[in-house]
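What TrEMBL says about this protein:
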type: ACT_SITE; residues: A:Tyr113; note: active site
type: ACT_SITE; residues: A:Asp155; note: active site, proton donor/acceptor
type: ACT_SITE; residues: A:His259; note: active site, proton acceptor
type: BINDING; residues: A:Asn8, A:Glu35, A:Asp155, A:Asn157, A:Asp258, A:His259; note: Mg(2+) binding site
type: DOMAIN; residues: A:5-259; note: domain 'Endonuclease/exonuclease/phosphatase'
type: SITE; residues: A:Asn157; note: site 'Transition state stabilizer'
type: SITE; residues: A:Asp229; note: site 'Important for catalytic activity'
type: SITE; residues: A:His259; note: site 'Interaction with DNA substrate'
Amino acid sequence: MVSVASWNINSVRLRMPIVAQFLTEQAPDVLCLQEIKTVEETFPFEAFNALGYTHHAIHGQKGYHGVATVSRIPMKEFSRHDWQANGEARHVGVELTGRGLGSGQDMVIENVYVPAGGDVPDREVNPKFGQKLDFLQRMTDWAETIERPTLIVGDFNIAPLESDVWSHKQLLKVVSHTPLEVETLQRFKDAHDFVDVGREFIKDPERYFSWWSYRSKDYRVGDRGRRLDHMWASPELAAKATGHSIYEDCRGWEKPSDHIPLVTEFAL
DNA sequence: ATGGTAGGAACCCTA
């Protein structure tokens, strides 16, 4: 059994107490973090080592963005992509190495932080929106070249289904749920026949959110959430998924991230 | 229709 978690942590240094609580309670084998907001030099390695997560792949950046994958089972860094072509740290890939490659048990884990895309869903007036679409197109080109069982996880910053948002109608023109973004994400999905593992276990149209804005006093009031975080697997790997859990309580913990962690378990 | 909060770095940008 291998379990993999994904969590947009919004500053790993500030959030280390709740990361430690989550790892202590749930003990996933691998944790993929997005928005670590630090460079590798100031990443809290010792805190993760003390919890047993002694394998690390850090793609950090000063102040913004940044991703990190930590593990308590052997792994090594496999790739880094700059799908925005501007130097931002939004991806790191690892391969699990402890089980022997070619054993039918190997897995590549791609940890990605898709750009949010700004406020206006029009690339002519908002270049960030264009960068988001271009990022997804480069991911799509890359997906066509995948040759090994792959799990891609992270903050995709898109909620594709009507049941992924608190109000489909009210969010149709809000960046993260526009038809153009949903279509662009679908093309990425089709490029490798990715399986949306979360939705294999929490079926549409069941409510499934992973993010609630900070801009409200109590995230529970109105439950205005969106599913921005995803775990997608190659078909042969998705067939080995045995469970999927989300931890909404973490949104109410002390000094929370605005995202919650997701965990998928695989029989490998 | 609007503005609301959070984090990091440096007094603004990103989300």
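If you go along the chain as it appears here, the first residue is 1 and each next one adds 1.
Note that Cβ sites are derived from N, Cα and C of the backbone, with glycine treated the same way.
Any TrEMBL annotation is an automated prediction that lacks curation.
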Under 8 Å by Cβ from A:His259 (active site, proton acceptor), counting only residues of that chain that are 6 or more apart
A:Trp7, A:Asn8, A:Ile9, A:Asn10, A:Asp155, A:Ser210, A:Trp211, A:Leu228, A:Asp229, A:Arg251
Cα separation, the residue listed as 'active site' to A:Glu35 (Mg(2+) binding site) (Å, whole number):
7
Going by DSSP, give the three-state secondary structure for A:Asn8 (Mg(2+) binding site).
strand
Which of A:Asn8, A:Asp155, A:Asn157 (the recorded positions) has the most other Cβ atoms within 10 Å?
A:Asp155
Alpha-carbon spacing, A:Asp258 (Mg(2+) binding site) to A:Tyr113 (active site), which is rounded to whole Å:
15
Say we define neighbours as other CB atoms within 10 Å of the CB. Which of the recorded positions A:Glu35, A:Asp229, A:Asp258 has the fewest?
A:Asp258
